[in-house]
Amino acid sequence: MQSLNHTTRTTENEGPVVDASHKNHILALLPVAGLLGSEIRYLWIFEPVATSYSPTFHTSPKGPIVAHAQAWDRRVQSTENSAGNKIMYSVDTTCRVGKHNVIIAVLPDGEEGTSYAASIGGGALTKKHDIRLGDVVVSAPRDGKGGVFQYDFGKTVQDQVFRLTGFLNHPPIILRTAANGLKARYEIDGHQLETSIETILENKPRLRKKYQRPQENSDRVYRSGVIHPRNNVASCVTACGSDASSLVLRPERTMEEDNLIIHYGLIASANHLMNDALVRDVLASEKGILTNEGGIAGNEVLCFEKEAAGLMNHFPCLVIRGICDYSDSHANMEWQGYAAMAAASYAKDLLYRIPPKKINAERTINHILADVQGKITDVSTSVGRLLSIQNDQKHQTILDWLTPINYASQQHDFLSRRQTGTGRWFLDSHEYRAWLEIDGQTLFCQGIPGSGKTIMTSLVVEDLLGRVRSGGFHDDRAEGGSAGGSIGIAYLYCNFRRQHEQQAEDLLASLLKQLVKGHNCLPQNVQELYDRHKADQTRPDFDEISSALKSVISIHSRVFIIVDALDECQALNKCRSRANFFATSRPMLDIEKRFDGCFSRHIFANDEDIGMYINGHISQLPDFVSKRPSLQEEVKRGIIKAVGGMFLLAQLHLDSLVGKRSPAALRATLEKLPTGSEAYPEAYKEAMLRIGRQVGDQEELAKQALAWITCAKRPLTTVELQHGLAIRAGDSKLDGENVSEIEDIVSVCAGLVTVDRESDIVQLFDITTICITYLSFTAFETGFCEVEEEYQGRLRSNQLYCYAARYWGYHSLSATRDVKALILHFLQSRSNMSASIQVIMPDRDDYCFHNCLYEPTETSGIHLTAYFGLLNTIEHLLETGQHADYKDSHGRTPLWLAAKEGHDKVVSLLLENGADPDPNDHDQRTPLDEAIFKLLIERGADLESRDGEGWSPLSRAVGRGHEAIVKLLVERGVDLESRDGDGSSPLSCAVRKGYDAIVKLLIEKGADLEPRDKVGWTSLTLAIYNGDRSIAKLLIEGGADLESRGRDGMSPLFSAIERGYMDIVKLLIEGGVDMDLEDAMGQTALSLAFKRDREAAVQLLLEKGANPAWPC
C-alpha cells in the first residue's frame, strides 16, 4: 500500500481508474451523497488485496469529501483528476477503514441528475417515524422490494398519485447482514456516532464551524402550506417567521433518546430535487405511489434523494443518507456538513461489521462491468430494432396520410383476369419498346369500350415490375451502372367507384406514395410536407403535392407512371417532364390533342387474343364442344365475328352458349349473335332469358342477387351478398344452412355478375357504359326527329332508347372514370345527344310525339349534364370552353335546368363561373321555380319577378310546399300579399294546400288573414272547407274574423256545421264565435244543426248557451 500507482493507472484519454487486473471484488456501492452534502457521491468496496484499494467513495470536488476523509481510519494518498475520464469518476483520495482499503472518487463539478448519480436528500414527515435533521436513513427492503424505488417526477398533477417506475436491486446479503447486525448492536449498546464526530472535530478544530451539530432551535419544520418566498435569500426565520401557527410542533427528544437516530426504510429516488412539501406529503403517505401494475406501493417513504436512480439495476447498492432538510422549500444549508459526518460515521461502523474474507465470494468488478457492457449492448441492439420498427411505422403513417388508396389489389385482380398469352402483341410492338428505351416519353393508347384497355394496363405494369425485379433496366445514372437500382413505378386505376377519391390532389398523392414507398429513408420534402399539415389537420394543395412529386421523381434514375383513364390527366402534366408516361383513354378529341407528338398505339381485342380467351374458357361449354375441335373453331369464328374487338361482348356471347343441349342448338345461337347497334342490349336480353329458363330456385336466386347488387347503396362483399340472400321473413338469426355458395350465386346470374377477387366485391357490368354506347349508335346519328313517323319508327326499332336516354345520367353518378370518358365522347356528338334529349324531358312517360316534338333542339352537353347534376363532367366542360349561360331553343340555360332539378352543387358551380342568376326562358320563367334560393339571392336574383303565369317566387315556393325557401324569402322582406295567377295570396295558397308550417310562418310574419280569393273565400273558410282542424286553429288563434261571410253567405260556424266538422265547431265556440248569428235566410247555427241532423252539434250549442228558439 506504499503507492497508489499499483492500483490505479492514468492514460491520455482516461482519468485514474481501478485496475481490474488485480481482480478486485466489488462488495457494494454505498451512495452516501445528498444527506452528507452535495459533493459526496458513492463508496465502492473491493476485496482487500494487499496492494490494491477496496472501498471507493464517489464524490464531487469539494465539501463532504472532507467528512469522509476524516471519518476513515487513515488517509493514504491523493491523485489529480483527469479531463478525459470516460467513466466520469476520478480518484481523489485513498483511505483505510479497518482492513478495507477505500478510494474516494469525485465527479466533475456541476454534473447532476440521475445520469451522473447526483442529488441531495431530505427527510419525510410521517406519523410512524420521527425524522429530524442530522438523523441517518439507511435503505431497507420492504414487501420484497429493494429499499430504493424510482418514481416519475416529470409532472405533478393535483389529486393524482405518482407513478412508480422501478425498484433498486437488493443490496448484497453481506451488506444486509452487516446492517442488521449493526442495527442490533445499536439497539443494545447505542451508537457512538456523535462521539466519533466530536473526536474528529477536536483533532481538526478548523472543521468545527462547518461540520459540528447546529443548535437544536435551527431544526424547524414548517407546515406544508407555508412556502419560502421565491428568490428570497433571507433566512426562514426572517422570510417565513417563527410563529407557532406556521410550524409543526414536536416534543424534544428525551435523555433516553439519541440526538442522532438511525432509521431504516424506503428511500425515493428521482431525477429532480424534492422541494415541495405538498408533493412530499403525498409521496410519503402509504397510498401515494402508484405502481406500474396499477396497485399502490405500501410502506412509507422516509427520505427523498436524486442519486441512486442513476445506478438502479446495475450495481448492488445500500443507500445511506444523512438528513439535512425536510424536502420542502425551506433549504437548510447549516445542517449539510453535520449530516455528511453522520452518514460517513455510520458507513465506517458498517464497514467494521464486514469480515474481509466474505468479500471473496462476491463477483469481481470487471465481471460486473462486463455484464453491464453486455446489457448495454443488448439494450442498444433492442433499441436499434425498436427505432427501426418505429421508423417503419412512422414511414407507413405518413404514406397512409398522403392517401389510404392502394391500387395494388386492383392490379392483382385485373392481371388475374387476363387470359394467359393475350396482349403479347402490344408488348412486342415498336411503340411500346421505344417508350421503354427512351427517357421522358409518353405512350398514349386509345380504345373503344370493352376493348381490354384496363387488362392491357395491368399487363404493362406487370412487365415493368418484372423488368425491375430481373434487372431488365440498365440504369446509367445509378452508381456503378446497377440494373434497376432506382427505377420508380407508379400506377393508377380509375374504375373502382372511387370518383370521390380521385380529385387531382388524390391522384398526385397516390403517385407520390408509390414512388416513396420503395425508399428505406423517407425523403425530406415529404417529411416536411407531413409536419407542415399534420399539426393543423390540413391537407396539402395541388401545388405542394406536385412539387413534392417532382422532387421525388428527380431522385430516381427513371420513373414510369401508368394511368388507366385521363379525364383528370391535367393533374399529371407537371410531372411528366422526366417520367415515362403511359395512359389509356376512350376516343376523345380533347384528350387526344394533349398527346400530339407522343407515341400512340390503338388498343383493341384482336382476333388472336379473343381466340385465346375462348380457348381458355371453352371448358364452360357442354362436353360435346370439347370433344369436337371443329365445333370449337365454329364457336371462335362466330364470336370473333360478332364482338367487333370488344372483350366484354366476347364474354357475354360465350356465356350465352352455356347449357345448349346439342350442336344444332349451339349453332343456332351462334348464327343469331347480335352485332352492331343491337349487340349490347341483345346480349343482356339473352342473359336475362337464360336466367328465366333456369330450373328450381336458380331463377329466384339470380333475380334476388341482381336486385341486391343493383339496389345496394355501396358495393357489396361476397359475404354480405350471401347473408342478404339467406335471410327469410320471420328469421330470428342467420341460418348457416341457408347460405348459398358464392360460386353458385355468380353462376345462376348468367354472366351478368363478377367478383373482384382481390377486394371480394360483387359487381355488375356497368349499366352506364351500356346506355351511353347504345345512344352512340349510328341509328341516332340523324338527331332530332321532326316527323312523327320517323320518331315512332325509332321507338319501335330501339327498345332501349327511352330508358337509356332518360336514366343514363342517374346511373353515371356512381360511374368509374373510364365511363366518364365515354360520357364526354358522347356529349361531343350533337346529333346523338339531340336524339336522346327528345325523350329525356317530357313531363309524362308516354313519349307521345306531341310532347317530344317541343323538346329543345339547340341543347349543348353542358345543358344535359346540368339536367342530370353531373358536377365533375360540368367542370370539365367549363374548362374546355363551354359557356355557363348558353341557351337552348327554349331559352333555358344550364343554371335554369340545374335549379329546376334541385342540383345545388351544380347551381353553385355555374354561379361561380359567371352564370346569370336571374335568366328567363321563353315563357319568362326563372330558375327561382326550384332553385337553391340562398345561392341565387346572394347573386342578386329578383325576388319579386313574375313568370309567364304571373307567379312570384314566393307563390311558387308556397304552392310547392318549400318551407325553407318560403322562410328565406319572407326574411328577405318579399311582399306577403302578392297574388298569383289565380288571384290567391300566399296564405290562401298555403291553406288550400294544407301546409301547416307555412301557414304558421306567414301568420307570424304578419300576413293578412282576411283577403279573399277570386271566388270570395277567406283563408278560414278554405280551412273549414278542407276540414283542416290544425290550420283552422292557427287562423282562429291568429285573430281571423269568426263572423266573416263567404259568397254563399255562410259564416265559418255555419260551414263547419254544414260539413259535420265537430272539432272545428268546438274551436270556433271556444274562440268566442256568436252562436246566435243568423244567415241570409234567418237561420241560426242551432237551427242548421237540427236540420242537418248534427246531434252532437245541437247538444254542444245548447250546452254552450245558444238560444234554443229560432225562426220557423
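Cβ coordinates are placed from backbone N, Cα and C, and glycine is handled just like the others.
As recorded in TrEMBL, the features of this protein are as follows:
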- 421-574: domain 'Nephrocystin 3-like N-terminal' (DOMAIN)
- 699-765: domain 'GPI inositol-deacylase winged helix' (DOMAIN)
- 890-922: repeat 'ANK' (REPEAT)
- 949-981: repeat 'ANK' (REPEAT)
- 982-1014: repeat 'ANK' (REPEAT)
- 1015-1047: repeat 'ANK' (REPEAT)
- 1048-1080: repeat 'ANK' (REPEAT)
- 1081-1107: repeat 'ANK' (REPEAT)
Tertiary contacts of the repeat 'ANK' (1015-1047), as residues 6+ beyond its ends and Cβ separation under 8 Å: 987-988, 991-992, 994, 996, 999-1000, 1003, 1009, 1053, 1055-1056, 1059, 1061, 1063-1064, 1067-1068, 1071-1074, 1077
Residues of the repeat 'ANK' (1048-1080) by DSSP state, where helix covers H, G and I: 17 helix, 0 strand, 16 coil
Rounded mean pLDDT for the residues that make up the repeat 'ANK' (1048-1080): 84
Three-state composition of the repeat 'ANK' (1081-1107), taking helix and strand from DSSP: 16 helix, 0 strand, 11 coil
